[in-house]
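So the structure is just underneath, and the comments pick up after that.
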Amino acid sequence: MAVGGGDPKNSFESGRNYLQALMEITWRLADRMLNRSADQMELVELKARSQHDMKKTLTWWDLMWFGMGAVIGSGIFVLTGLETKVHAGPAVVLSYVISGLSALLSVFCYTKFAVEIPVAGGSFANLRVELGDFVPFIAAGNILFEYVIGGAAVARSWTSYFANLCNQSENDFRITAHPLPDDCKYLDPIAVGVIAVICVIAIVSTKASSRVNIATIVHIAVIVLIIIAGLTKADAKNYTPFAPFGARGIFQASAVLFFAYVGFDAVSTMAEETKNPARDIPIGLLGSIVITTLAYCLLAVVLYLMQPYSEVDTGAPYSKAFEAVGMGWAMYIVAAGALKGMTTVLLVGAVGQARYLTHIARTHMIPQWFAKVDARTGTPINATIVMLVATAVVAFFTKLEILANLLSVSSLFIFMLVAAALLVRRYYVSGVTTMANRDKLIVCLWLIIGSSVGTAAALPIGGKVTVGLVPLVPWLPSTSIAINIFLLGSIDKASFIRFGIWSAIILLYYLFFGLHLSYDKAKATMEKRVDDGVQLKVVEEGANTSAVASGSAGMNVGNASTNGGS
């Protein structure tokens, strides 16, 4: 008999079995929370569930352009103006430096994992290996949420710059639905159309997407033009006052402008399609984020040399700045370059989010239909279409300001978890690490996270408590945790409420569906190995080995397991 009674392979075959599974939810949840997938599970067994392999076609050159294409978009071309007026003034350049530092630290963490576990699951796969089964699912829900929100925000920005290119107001291209609330009454059909085109390109092939994305070189050329042309109209007097809203304003802007760096994590989801992950991923990721940060800072400096911060336009700041200084011809080039940048951001986001969803489906937490890779194109068509439909729906209704804040909360939360998982990977090895050392690691993690939360809550600027604890563990992931939490503390309350509501929704799904789908598949896989007489390998940590061996219900939770996959 299976653990807890009933056939674990058929929990959802009838209402009776489903009710029985719900009655066992407490110890099933305990089992799943303690499960830790192994590298081999992610690299071999889960990949096999997609029926076909993804094609290895990418090099470091492709990844670097993917990285820049994923990042340089509406963040710099739209949010710069918004955050300047509301929070930072000309000191927004410092906000970009702070956000860039946070992104760079996260890149190091992602690179470490992507090299050692080169699969399409990105941070979801990394978290499954180090933090068990439950935390990755909550993170996965927020990763997908991040991509949908981010894609919707960029698509709406695309409409704004397209309107600017046509010498029209952005709302001239939108449908006004007066009965709806102000936050969602401007319906955006152009954003939906752009997403539809991106969907087709992403489905064709990853290499084709890369070729389109390499056109980012045009975007880089536009950025160089902005910097050079803008410097010819420079006036240093515009930098007074430099920080009209003080230090808190700079950090508040940093939290929102983190949106401008979101997208580089999509590169880690392409590790499965990379020819030489150990070489190509570090070069591609680090190269793209360094170039992007430098470009952002130079663009911010030039903007305020051209125009006082109080006169900066919040919708299309660079185009309007050139118009204000008498260089009307340049505004059209800027608008066209911005459109190109946003298009590549949407494209890389489409590629990344589909691969996240594919790997989540491989774990059976969601239906297997999402995991299918098309034999002809070598791309996850089902996952791509579903994610982009969701993105199009959100883009059709929701304002950019709401989307940007919400995206930053979700992204910073996930990057913090990845940094914590890297510490676990460094200091905890199943069957090797002693209980005493494991407990020390847990204490250190809570000290780092707790002190970071305390610092963010108590101080408008600083980090003395957190910095004092960094020597207890490797400084890089510890500092990443600290700065991510610090930036989280600068985001508005409404965004946290929306984030909490979404997290509650995915938690309910996990408790009533995902948990049982994952658990039953893991049990069935392990029992098949036993029935086939195959020597079991330790691929997860949990309760299942002892439970199956003894036939008892929910005993020995936490013992080493040979669970075949969740």
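The backbone N, Cα and C atoms fix where each Cβ goes, glycine too.
Here the structure is a predicted model, which means the values were calculated and not measured.
Now, the feature entries from TrEMBL:
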type	residues	note
DOMAIN	470-516	domain 'Cationic amino acid transporter C-terminal'
TRANSMEM	58-79	transmembrane segment
TRANSMEM	91-113	transmembrane segment
TRANSMEM	134-155	transmembrane segment
TRANSMEM	186-205	transmembrane segment
TRANSMEM	212-231	transmembrane segment
TRANSMEM	251-271	transmembrane segment
TRANSMEM	283-306	transmembrane segment
TRANSMEM	326-352	transmembrane segment
TRANSMEM	373-397	transmembrane segment
TRANSMEM	403-429	transmembrane segment
TRANSMEM	441-461	transmembrane segment
TRANSMEM	467-487	transmembrane segment
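Using the rule of three or more Cβ pairs under 8 Å, pairs at least 6 apart in sequence, the transmembrane segment (186-205) is not in contact with the transmembrane segment (403-429). Cβ atoms under 8 Å from those of the transmembrane segment (134-155) belong to residues 29, 32-33, 73-74, 122-125, 127-128, 188, 191-192, 194-195, 259, 262-263, 266, 342, 345-346, 349-350, 352-353, 356-357, 360, 365, 387-388, 390-392, 394-395, 398, 400, 403-404, 406-407, 410-411, 413-414, 417, 499, 502-503, 505-507, 509-510, 514, 518 of the same chain, restricted to positions at least 6 beyond its ends. In the domain 'Cationic amino acid transporter C-terminal' (470-516), the DSSP tally of helix, strand and coil residues is 41 helix, 0 strand, 6 coil. Mean predicted confidence for the domain 'Cationic amino acid transporter C-terminal' (470-516): the pLDDT average there is 78. Between the transmembrane segment (251-271) and the stretches 58-79, 91-113, 283-306, 373-397, 403-429, the greatest number of Cβ pairs separated by less than 8 Å involves 91-113.
Against the transmembrane segment (283-306), the recorded stretches 58-79, 326-352, 403-429 differ in Cβ pairs under 8 Å, and the greatest number is found for 58-79. Counting only same-chain residues 6+ beyond the ends of the transmembrane segment (326-352), those with a CB under 8 A from a CB of the stretch are 66-67, 69-74, 77, 122, 147, 150-151, 154-155, 157-158, 161-162, 164-165, 194-195, 198-199, 201-202, 206, 209, 212-213, 215-216, 218-219, 221-223, 225-226, 229, 233, 263, 265-267, 269-270, 316, 318-320, 384, 387-388.
With a cut-off of 8 Å between Cβ atoms, the residues of this chain six or more beyond the transmembrane segment (58-79) that come close are 153-154, 157-158, 160-161, 206-207, 210, 213-214, 216-217, 219-220, 223, 256-257, 259-264, 266-267, 270, 273-276, 279-281, 283-285, 287-289, 291-292, 295-296, 299-300, 314-318, 334, 338, 341-342, 344-349, 351-352, 400, 404.
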